[in-house]
Amino acid sequence: MFNKYGAFFIHYNETQRMLLFCAGEPRQYDPNFKGPIHDRGCTDIVCCILFVIALLGYFAVGVLSWSQGDPRKVIYPTDSRGQFCGHKGTPLEGKPMLFYFNIMKCASPLVLLEFQCPTTQICVEKCPDRFMTLITAHAKTTDFEYYKTFCQKGHVTEILRDGLCPAMLMPSKPFAERCFPALGLSGGVITVGNNSQFDEGDGKIREAKDLLDGVKNATVVIKARHVVMKVFEDYTQSWYWILLGLFIAMVLSLVFIVLLRFLAVVMVWVMIILVIAVIGYGIFHCYMEYDSLATVPGADVTLEELGFQTDFTVYLEVRQTWLAFMIILAVVEVIIIFLLIFLRKRILIAIALIKEASRAIGHIMCSLLYPLFTFVLLAVVICYFVVVAVFLSTSNVAVYKVFNDTECEHSRKTCEPASVMKAECSDSECLFAFYGGEDWYHKYLIALQFYNVFLFFWCANFVIALGQMTLAGAFASYYWAFVKPRDVPTFPIFASLGRALRYHAGTLAFGSLILSIIQIIRVLLEYLDHKLKGVENKFAKFFMTCLKCCFWCLEKCVKFLNRNAYIMVTIYGKNFCTAAKDAFFLLLRNVVRVAVLDKVTDFLLFLGKLLISWIGVLAFFFFSGRVEAFVKAAPTLNYYWVPVVTLVIGAYLIAHGFFSVYSMCVDTLFLCFLEDLERNDGSEERPYLMPERGENEDEKQLFGKEPISKQDTYLMQVH
């Protein structure tokens, strides 16, 4: 049997029937179904209880970290006993500089993790300016008096006996209130104090280059602290301009969405043209900057030779930077243009879907304000996570232990620097051992940090899931209303939020838990990948790359499945697993529509977010002083990229917040539309709940009285 569509039509329907066999039976007509059901019960209670217990534990970790940590250690120089150097009103007021007994121990990677170098540190008046060892200094009184200023105690017998002084001194220079070796370069050889070698204090001669790793790791932490302080200072100078820029981004987003409500077709095409034009201008500007630096001395240096610089403006003086920007923008421009060409027909249908979403949002305008609630909750979660992380990282203390050459019962036991059992152990010394602690809190500090990260992911995903379910419930109420907007419930957002928290908190916790486990595994894989950077095993690197790729894909799939599962939960009130299965099978039965229609709509909304975030371009010209008209108005900053980056990220997040309402509305209407096609046939007894025929062919194809295509009509008749 051949019809006018030929053999291809038969093959197409055989494929569709195979999909139906794998994806289960379509929904049957139910005359009592009127949209989101009201008679529902609590779902996934066990996971709800587990989430509450985890939150109580999270609060306990926060209280514990606040009682043990001290964030001032991140900013101010601190000696091994936890005292701050140079603080007024303290015994160390006249000693503002921090001196390291053995700077080479700072080469440990723990320096970056614990904000401390694992060697004894004391506060001194000024940094040493000469080479000297304890043995040579003791032979001369004047030298020894100078040497004692870098010791923990001043009595000669204690200094010689207990090892409370560094083994040697070397010329040092102050940097960020810390003493670092005065390294230099002479004839291609690294020197310290004009010498290429130094005495380690025990007669062993070391090369000056051996100091590099220790100085490098210690200065990385110090530079990071200084950058943070300068960034904070820039925020204090530019916060009002940043708020003004974010307010403009919010107004633009609101105006854009309101215009979408009435001029969906025009606004989508204007958005597409503007995005292409703005990126095109970006390419032109990068080329002009690249060309203007052709005659500038030193501009041809490569980024690899330049290395990492905290002042990002340095990179803008290099031609290679603008060349990289130009290539990236050109690739993005080409990709967008090709996508628009290949998807031009589907874009017209996606515009019709956006237009219908605009109608739904027009009847539920309070949905546009819901992202503000989500933003506040996420801000609370992020702030709590950062505060706990800082307090946990700064709760390590210096541990001193008994060291001796002969047998002693107190050997390797914890001690106080001022007290050693000399009666039992005549040659014992109480020396600095490590940073950390030996009580249960410090032993499980890494586990507490891990718990902090995991609960951060769980809470953040819960907040996002709550927003998705709330919006889905409101828009589902709109779609299934028989007469719109008369049958739409009063305050649908508040009603949906109440249902989500009262009945489905466990489902939200379950879905966000699955996603959080995947995300924490990805964090661990990134950590392991960082550890394996020095490993030459190509198979291990390949295997690690495959794992990272697989879990990235898995995270995207779970996010997509969770999102549609929440829509089914808010409609039918079922548990997470059942709703996820129903959503997956429904999408599988309509896989072609999902691939070519729903995702095209997401692409168009992404272009809208991209357009709003280009407010950062205006911020760049304002804060960088490249436009003379703005030079006097712009504040003086250490790093002008601080407000620029903040505005780009902030504008994108604001646009994402508002456009996420559209995205959730489109996804909900689309899923309800697929359900509607399966439940009803368009007759008077079983009418479609979708809107009436549109004003143009695209809307007729999307929301007509028949399914989207003749193939679908045939398929539904066969089934």
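One-based numbering along the chain as shown.
Each residue, glycine too, has its Cβ placed from N, Cα and C.
If you check TrEMBL, you get these features:
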type	residues	note
TRANSMEM	45-66	transmembrane segment
TRANSMEM	239-259	transmembrane segment
TRANSMEM	266-284	transmembrane segment
TRANSMEM	322-343	transmembrane segment
TRANSMEM	364-392	transmembrane segment
TRANSMEM	455-482	transmembrane segment
TRANSMEM	503-525	transmembrane segment
TRANSMEM	603-625	transmembrane segment
TRANSMEM	637-659	transmembrane segment
REGION	684-712	region 'Disordered'
COMPBIAS	699-709	compositional bias 'Basic and acidic residues'
Cβ contacts the transmembrane segment (45-66)/the transmembrane segment (364-392), at least three under 8 Å, sequence gap 6 or more: yes
Top Cβ-contact partner of the transmembrane segment (364-392) among 266-284, 322-343, 503-525, 603-625, 637-659 (pairs under 8 Å): 637-659
The transmembrane segment (322-343) touching the transmembrane segment (239-259) per 3+ Cβ pairs under 8 Å rule: no
Beyond the flanks of the transmembrane segment (455-482) by 6 or more, those residues with Cβ under 8 Å of it: 33-36, 51, 54-55, 57-58, 360, 363-364, 367, 370-371, 373-374, 377-378, 381-382, 385, 488-489, 492-493, 495-497, 499-501, 504, 508-509, 511-513, 515-516, 519-520, 562-563, 566-567, 569-571, 660-661, 664-665, 667-669, 672-673, 676, 689-690
Contact set, same chain, for the transmembrane segment (322-343): CB under 8 Å, 6 or more residues outside the stretch: 272, 275-276, 279-280, 282-283, 286-287, 289-290, 293, 303, 316, 596, 600, 603, 607
